[in-house]
Amino acid sequence: MIRRLAEWSRTPIGRRTITDLLVLAGVFGFVMTAHAPSLKHPPRADQWCYLVDTMNDYSFFDALRHSYSYNRTRQMMPGDTDLFRPVLFALLAAEKTAFEGNLALTQGFGIFLHCATCVLFLVLLRQIANIVRPPSEGPSTTDVGRDYLIYAALAFFALNPCGQELVIWSHLHGYLLFLLFLLGSVSCLFRYASGVQNGAPARGYLGGAWVLTLLSAFTYELGQFYAVLAGAFTAAVLLPQIGKKRAAVVVVAFASIMVVYQTTNRIDLRAHRGNYVADNLGPAIVDQAFTRATLEHSVRYGSYTAVQPFFPSLVQTTYSGQRLQIAESLDWKIRLRFLSPAVATSIAVFGAAAILGLVGLWRLVGTRARLPLLTLLLPTTLYAAYGAMTVLGRMNMRPTPYILSSNSYYAYTALLFGLLAASAAWFAVGSWGGRIRTGLVIGLLALSTLGAERIRDVNITVTQQEQELSRALRSVQTFVDAHRREPGFSFEIDYAASDPVVKIHNRRTTQIVFNEWMSAPQPRYRVVLRDGKVQTQPASVASAPAR
């Protein structure tokens with residue numbers, strides 16, 4: 001076994017795989033270092049609404065039953081009733097019951113999901129590079145420069161500060177799960193299409209793509225639109241090989257996901273009718289679609305998600321309303337008058353990326369091969385579709401100056417799609433522009449280092465801002481972990497004798513998170529919280545009633 005492994009490690013594929021694993025380990029090391037302070041972050045903003053609404057649900061199935069359609073059963077600050085995301089809220093229910101008040105596990109799970117997304121991002125970069133590489137340039141295994149660009153793009157995405165809120169805010173973990181489903185589906189489609197064109201079709205990949213697409217649709221509504229794109233993409237690429245009838249079957253199979261989703265959504269709407277006030281934003285979205293506001297918001301969206309990530313030194317952050325606010329850097333014309341080395345690097349990197357992208361785009365458009373061209377069009381269309389959802393459904397409906405800054409996590413998904421599209425153009429260039437590509441690699445790595453520093457600084461700031469809230473939760477969680485296996489374990493907190501405990505939605509945060517053990521009429525323990533520690537005393541000698 002060891003001998004075979006040693007022989008495999010000396011093959012081109014083996015060497016590349018080992019290098020990929022080493023690079024991933026290095027990138028994950030930077031990711032963990034940058035995000036380590038976030039392991040102390042407590043639940044924030046909308047997550048408290050979810051925890052309050054499910055505070056009496058102590059098992060996964062109870063929480064799931066009451067919150068699978070949370071936008072229509074939500075009592076605390078209700079809204080977004082048009083949206084149906086059962087898989088997303090199933091994940092929140094699983095996290096609530098599995099991690100309870102363990103902040104490190106909850107936050108660490110978000111970092112894990114981010115790292116898993118980075119793995120699939122690397123897999124897709126490799127697949128795209130193999131598909132779009134000009135055949136005249138020989139085997140791809142000889143292009144070391146291409147590998148460097150893949151690794152630099154990976155680091156740039158993994159350590160970009162513009163979308164970090166999606167990683168560190170536990171309420172948003174479902175969006176990362178959605179991306180795992182979607183990226184996995186795209187990878188399966190690329191493998192299936194490449195196999196068919198090479199005469200070695202593997203239908204298992206097509207079936208896997210369908211299942212993952214179905215899951216993505218029930219996680220986040222973009223998944224249903226991706227389903228239509230996936231079917232059309234596969235049929236268009238493989239039409240010459242599989243014929244019109246089989247291509248039509250593929251289109252219908254993937255389009256049926258939208259039908260299934262919408263049918264289920266309508267059934268759920270009727271089931272919960274009367275329990276919520278419907279948003280009914282459809283007419284307003286259509287009415288505002290073809291207006292000047294749409295154009296202005298589209299420009300802002302493009303700048304925020306496609307340009308600003310290349311300028312980490314200009315990123316301005318504040319922490320307000322338990323949300324990380326990342327401002328739009330629309331005042332570059334003023335700030336660029338004073339060029340710092342970091343800004344100059346960003347301009348050079350963005351310029352190199354644009355040059356390689358335009359040359360690659362020209363080559364892809366000129367090719368007659370369907371798969372390379374559609375490899376560019378699929379992520380480009382996803383970026384545009386996500387932008388349309390953001391502009392029409394959010395920015396037009398809530399036209400405030402801070403709509404993007406207060407929802408900075410939009411940049412994560414958009415940047416991911418944008419980099420996949422850009423990489424298709426970059427790799428289509430082949431060995432042309434070697435110096436430009438080298439400069440792009442060095443620049444992306446430099447920006448990644450700066451991005452990691454910014455991420456860590458922001459996480460430290462949030463940790464400090466939420467220190468009082470998180471300290472109480474951590475101390476009580478330690479107490480619960482030490483006693484949970486005791487028969488009849490329960491406790492109450494003597495708040496009058498304790499250090500202050502933050503209230504959210506008129507409830508103490510400890511009661512919200514640990515209600516399962518704090519709702520007994522005659523608790524076994526009475527405790528006080530002092531200096532970040534739990535001190536116990538017999539319930540019969542309590543100093544004062546709990547409040």
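Note that Cβ sites are derived from N, Cα and C of the backbone, with glycine treated the same way.
Worth saying up front: this structure is predicted, and the values here are computed from it rather than measured.
Residues or ranges marked as transmembrane segment in TrEMBL: 21-38 (among others).
Feature annotation from TrEMBL assigns transmembrane segment to 109-128 (among others).
Per TrEMBL, the feature transmembrane segment maps to 175-193 (among others).
Under the heading transmembrane segment, TrEMBL lists 224-240 (among others).
Here TrEMBL flags 247-264 (among others) as transmembrane segment. Here the transmembrane segment (247-264) has long-range neighbours at 84, 206, 210, 213-214, 217-218, 223-225, 227-228, 230-232, 234-236, 238-239, meaning same-chain residues at least 6 beyond its ends whose C-beta is under 8 angstroms from one of its own.
What TrEMBL lists as transmembrane segment is 338-359 (among others). Long-range contacts of the transmembrane segment (338-359) within its own chain (CB-CB distance under 8 A, at least 6 residues past either end) are made by residues 307, 310-314, 422, 425-426, 429, 432-433, 436-437, 439-440, 443-444, 446-447, 450.
Under 8 Å from some Cβ of the transmembrane segment (371-389) lie the Cβ atoms of residues 128, 131-132, 186, 190, 193-194, 197, 221-222, 225-226, 229, 233, 236-237, 298, 301-302, 305, 361, 364-365, 413-414, 417-418, 420-421, 424-425, 428, all in the same chain and six or more residues away from its ends. Feature annotation from TrEMBL assigns transmembrane segment to 371-389 (among others).
Away from its own ends, the transmembrane segment (409-429) comes close to residues 117, 121, 124-125, 128-129, 132-134, 146, 149-150, 153, 156-157, 160, 162-167, 169, 172, 175, 179, 301, 304-306, 308-309, 326, 353, 356-361, 363-364, 372, 375-376, 379-380, 382-383, 386-387, 390, 394, 437, 440 of its chain (Cβ-Cβ under 8 Å, at least six residues beyond either end). Per TrEMBL, the feature transmembrane segment maps to 409-429 (among others).
Counting same-chain residues at least six beyond the ends of the transmembrane segment (21-38), those with a Cβ under 8 angstroms from any Cβ of the stretch are 107, 110-111, 114-115, 118-119, 122, 151, 154-155, 158-159, 164, 167-168, 448, 452-453, 455-456, 459-460, 462-463.
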